[in-house]
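Features reported for this protein in Swiss-Prot:
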{"type": "SIGNAL", "residues": "1-27", "note": "signal peptide"}
{"type": "DISULFID", "residues": "CYS29-CYS46", "note": "disulfide bond"}
{"type": "DISULFID", "residues": "CYS35-CYS51", "note": "disulfide bond"}
{"type": "DISULFID", "residues": "CYS39-CYS53", "note": "disulfide bond"}
{"type": "SITE", "residues": "LYS50", "note": "site 'May block the Kv7.1/KCNQ1 channel pore'"}
Amino acid sequence: MNFWVTFIRLIVVLSIVFAFQIAVAKAACVTHEDCTLLCYDTIGTCVDGKCKCM
């Protein structure tokens, strides 16, 4: 039973990370301010038209 709990948690974490990477990849930006909301508490920068969260 412990194996299944760990397995399900792993799937959930990977799904969240994967979805977040897609959201960041799709976010087009012109200035650093465009990335501020996307990156929440971290510093967002605009690199080659895409947001990068530090």
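Quick reminder: no glycine exception, Cβ is built from N, Cα and C everywhere.
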**Prompt:** Which residue, out of the disulfide-bonded residues CYS51, CYS53, shows the minimum number of other Cβ atoms inside 10 Å of its Cβ in this structure?
**Reply:** CYS53
**Item:** Cβ neighbours of CYS35 (disulfide bond) where a neighbour is any other Cβ within 10 Å
**Value:** 23
**Asked** If you draw a 10 Å sphere around the Cβ of CYS46 (disulfide bond), how many other Cβ atoms fall inside it, taking every protein chain shown into account?
**Response** 17
**Item:** Count of other CB atoms lying within 10 Å of the CB belonging to LYS50 (site 'May block the Kv7.1/KCNQ1 channel pore')
**Value:** 14
